[in-house]
Amino acid sequence: MEVKQAPDKPEMLSSSLTTHVLNTATGLPAAGLTLRLAQLGEPGEQWTELAQRWTDADGRCLPLLPPGQAEAGTYKLRFETAAYWKSLGYSSFYPFVEVVFTITDPAQKLHIPLLISPYSYTTYRGS
């Protein structure tokens, strides 16, 4: 049996950092969720915001770092989960979720999914 793969979205093919958010309480993508990408500066502990995005109907957003823009270093994705849950009529235990990660090879594509419910979240390094 031949397995057909869905074609990638054109804007996703050339990106070096992407994310998507899934609502595990409903089993659906988390649409309309605000997220921000920041990079930790050297020296010190100062974060610099690089991008702000909103998830689409598929729980995805435009690439966070286009090719050639990534640098080795420490980054964080901040997902505004309280506002998302409030828009659905729920309260949330976590007002936001921050995922901090290190890019060691800027040429490598990174995908960081987030799975959320009002009282839990999970993330992992995707492909």
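Keep in mind that glycine also has a Cβ here, set from the backbone N, Cα and C atoms.
The domain 'Transthyretin/hydroxyisourate hydrolase' annotation in TrEMBL covers 14-126. What TrEMBL records for HIS20, ARG60, TYR124 is substrate binding site.
For HIS20 (substrate binding site), the same-chain residues 6+ apart in sequence whose C-beta sits under 8 angstroms from its C-beta are PRO29, THR55, ASP58, GLY59, ARG60, CYS61, HIS111, PRO113, LEU114.
Residues of the domain 'Transthyretin/hydroxyisourate hydrolase' (14-126) grouped by DSSP class, helix first, strand second and coil last, total 7 helix, 53 strand, 53 coil.
Once the Cα atoms of HIS20, ARG60, TYR124, the listed binders of substrate, are compared pairwise, the greatest separation found is 15 Å.
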